[in-house]
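Annotation source TrEMBL lists substrate binding site at 52, 145, 280, 315, 411. Look at TrEMBL and you will find 112, 113, 251, 316, 317 tagged as pyridoxal 5'-phosphate binding site. Residues or ranges marked as N6-(pyridoxal phosphate)lysine by TrEMBL: 280.
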Ligand SMILES: *Cc1c(COP(=O)(O)O)cnc(C)c1O
């Protein structure tokens, strides 16, 4: 049997209709370096989506590799209740210096969804233990994505992932989200005054009293199609949340670590969330690790004699895993030593200018939106009327397959193609990715 056949015999791949694999078998990757993946026949692919947005600094980065190798011979894992280790201590110390102001206590999990679960439980329990037991609800934005465990799905508002599970999900309050490309107030990004914030106001008036927390993806709704909304929205959200004593959970799993041009997206709004969740870029895509970070005030509401039963009884076996911490320390070292945020800002400008030059005038490109290095290309059937393609045609998927043939890993969200490359991508690699993207688009759309 070939590797592909063996794969299909045993493996149920994530987020896939396995029947699609009849036509597009799994691509067996043998090795990777920087932005390139190499399959078993040595064909190379540009990984322009950072392998599910986590590969922050390219594949097989020497500094991160060495950090993990060194750690491996010292300590691979230790129970994290009552025990600790240098890596976790050093990592949280360094993170405390770069996270938004006020965030100072670090609770480890091992994937994004689990860290979201931790944040939800923490918010509920915080209110319960500070004489607000009526605050039991969660709010979220339409199109929001926070992971795929039951709790995370309950505050996710993308039918694609959640619809079938509705009967077993927690009922949360969905707020109509900003949609800047198709603004219902007929504003543009330039003329916007966050008119759509009135949807938030309306729901707070109705449900604010009973709401424990609102969870959001700051500035960028990733899975919804890389939808980008203004920082002013977060500022207003901070104000209304203060008024109603609703906690803000910032899901920075996708936006953290320089993806939006600043270390964390919330910095653009110059306010802080009450809880921030990070994963993905945290270990540069090396090890499954996530952290739920909160304030002294929330932490203090759990701090009491054991007999009062106020502890946060939440744990994951791999909490604070030393290899994960070593990877994360490697990421922070590269970011600092190589001045990565500066480089990313330059790259972002170059990528955005050139992607616009190459693609903007194509008849099916409705909008190219960008934040940091993230550039999303929304494909539409009719540009003037912003009419979508028929989802049944799976135009994005056709382009995805074509791009793979051409040596580019694009993996669109519906009909939104996007670039979300490592922050240290090189200019010639950007050029190459853009031209492969255009070629793949033309092969499908202009035939
Ligand atoms: C990826 C992601 C998650 C889920 O993280 P997993 O590690 O896949 O569970 C949650 N929120 C956002 C914004 C994400 O991008």
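Every residue gets a Cβ built from N, Cα and C, even glycine.
From a predicted model like this one, the values you see are computed outputs, not experimental measurements.
For the substrate site, whose annotated binding residues are 52, 145, 280, 315, 411, the maximal Cα to Cα separation is 33 Å.
The 6 Å Cβ screen around ligand 1 retains 112, 113, 251 from the binding-site residues 52, 112, 113, 251, 316, 317, ordered by sequence position. Closest to residue 113 (pyridoxal 5'-phosphate binding site) by Cα-Cα distance, out of the binding-site residues 52, 280, 315, is 280. In the three-state DSSP assignment, the secondary structure recorded for residue 145 (substrate binding site) is coil. Taking all protein chains in view, 26 other C-beta atoms sit within 10 angstroms of the C-beta of residue 112 (pyridoxal 5'-phosphate binding site). Under the three-state DSSP scheme, residue 317 (pyridoxal 5'-phosphate binding site) falls in the coil class. For the binding-site residues 113, 315, 317, counting C-beta atoms within 10 A of each C-beta gives the highest total at 113.
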